[in-house]
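Asks: Pasting a structure here, questions to come.
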């Protein structure tokens, strides 16, 4: 059976030929590059905003020929406009990356070469270290008893505890935890590995602790909705897919009760997983595999957090000590 064609994009600021190529470009990124729907949505939004800007900047609808003749000053003006809107540096980097990708796609398709895009330097982004939680705090966030006083149904409290236990216990992204199907999560004593689908639909195997599986099983036994094997294991209050925002709100309530900083987010549990493994002597390459990072340089950011431990190792092991 052939795949359904992607819906045609309509643009008020650009010629239909641009809209057609934009549709083909996003379809290509989804099918060939396996970019996530959220990334495709962001790339599409960035290109729309650029085309809207150029239409206003030039005083005419953007055509393929005009876009191919784009000048560096046009791109810089667009980036300056976005920066004036207080857009973060990382978002500006993504916008420029998307525009360059679209330009390369047009060139490969013989629609023209947008040379100006390669002449623009990517905006500088200050690197900030992840903010892991202390080990005791991370454990409390994954403890169902900490939620006992909340005025919510007990099965929902058990669900939230199970999700956070997976984030900290296996280093999952929140999208990965909520994307797990019931058949993919073993019962306690029947397995100790999860097969997780991460960014770019790449799968990886991660170990899971038996006490974490016990929390998941406790939630499953309390859940009032049927949880078919091929359906998501975590569901919302009405039995539908569980939104990441619900877990974020649960974290906000709990960090207030526990006196934790605003940096205590669901993703901070993943950071804590990596940092605590490293502090206990975990191998950086093994942690890279567990996190699903394609590049070791991404994982190496955690060495900055744990520099104190590395200095201790140096002091105790250096041959000239």
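Each residue's number is its place along the chain shown, starting with 1.
Yeah, the Cβs are placed from backbone N, Cα and C, and that goes for glycine too.
Quick paste from Swiss-Prot:
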DOMAIN    16-107  domain 'Core-binding (CB)'
DOMAIN    128-315  domain 'Tyr recombinase'
ACT_SITE  173  active site
ACT_SITE  199  active site
ACT_SITE  267  active site
ACT_SITE  270  active site
ACT_SITE  293  active site
ACT_SITE  302  active site, O-(3'-phospho-DNA)-tyrosine intermediate
Asks: Using a Cβ-Cβ cut-off under 8 angstroms and a sequence gap of six or more, which residues of the chain neighbour residue 267 (active site)?
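Replies: Counting only residues 6 or more apart in sequence, the Cβ neighbours of residue 267 (active site) under 8 Å are 167, 173, 174.
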Asks: Counting Cβ atoms within 10 Å across all protein chains shown, which of the active-site residues 199, 270 comes out on top?
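Replies: Per the Cβ count, the most surrounded site is 270.
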Asks: Between the Cα atoms of residue 270 (active site) and residue 199 (active site), what distance do you get, rounded to the nearest Å?
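Replies: Per the Cα atoms, residue 270 (active site) and residue 199 (active site) stand 15 Å apart.
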Asks: For residue 173 (active site), list the number of other Cβ atoms lying within 10 Å of its Cβ atom.
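Replies: 18, counting other Cβ atoms within 10 Å of residue 173 (active site).
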Asks: Which of the three DSSP-derived classes (helix, strand, coil) applies to residue 173 (active site)?
Replies: coil
